[in-house]
């Protein structure tokens, strides 16, 4: 799998950029159009590179401070039906499905801590669904609420901020999570209080035995273990861009359901539900942050070594891989 690199670079740095690309054995389709870039004024350079070494290439660009004056764009390629592409994939160390592009991770994290209307609406709807699931004791609705909840990307962004020590990223992520959950819980609490006044919901309904949803407000060791596993799986899925795996992460953790149960507990004055739901929410978020941070750290320090160790096992027939 190749990725496309496009660079709008001032003429003063164009030769250096071309040299970096030309010296890389996993770069092909290298093009330089002199004077083609109007803003910034200079040359347009394009190339295709094996995904496995894209992060190394971007680090080389960072070493010459390319991003300060040039425009660097990385984009995935849907199909590369030519022989050279296959040769580059064979030459690069590791597998494209395992490749981590750290600049992409950082950009995703920056986007994930930005407060948006859609983020708050998704979380609000998810908490509403969770509260209805509690009232109806519906496991199906609990799963639906988990899937709708958008909070994991922000949790992963906090992990990224910790690993690369970006305090502004950590603070922005924590602020977004706290405000978004407080906002959603407050709105659902008000609506639930009105439902109590109208007789649609009672304290007995909330505190009754609930075989399908009782786990929501009963955190235990297993809750923490699930949060750890979900945090690790989610971070790996985001880093290697396996979005389908994220569904399993969403329906494993009990953040949104706990928020919905908490809102109902407040509206009905059920102290046990309030304490249990608050603990469940805290345990899940803390567990995911811990696991996500440790997983990212392991990827940063060990991922390349694991690729080298598993190369003979997973890809025994490949020719000698390119090593940057």
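Glycine residues also receive a Cβ, built from the backbone N, Cα and C atoms like all the rest.
These come from TrEMBL:
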type	residues	note
TRANSMEM	116-135	transmembrane segment
TRANSMEM	141-164	transmembrane segment
TRANSMEM	176-201	transmembrane segment
TRANSMEM	221-240	transmembrane segment
TRANSMEM	247-267	transmembrane segment
TRANSMEM	279-298	transmembrane segment
Please identify the stretch among 116-135, 221-240, 279-298 with the greatest number of Cβ pairs below 8 Å relative to the transmembrane segment (141-164).
116-135
Most Cβ pairs under 8 Å to the transmembrane segment (247-267), of 116-135, 176-201, 221-240, 279-298, goes to 116-135
In the same chain, residues at least 6 away from the ends of the transmembrane segment (116-135) whose Cβ sits under 8 Å of its Cβ atoms read 141-142, 144-146, 148-151, 154, 176, 180-181, 183-185, 187-188, 191-192, 201, 205-206, 210, 213, 216, 256-261, 263-264
Beyond the flanks of the transmembrane segment (221-240) by at least 6 residues, Cβ under 8 Å
97-100, 105, 108, 152-153, 155-156, 159, 215, 246, 248-249, 252-254, 280, 283-292, 294-296, 299
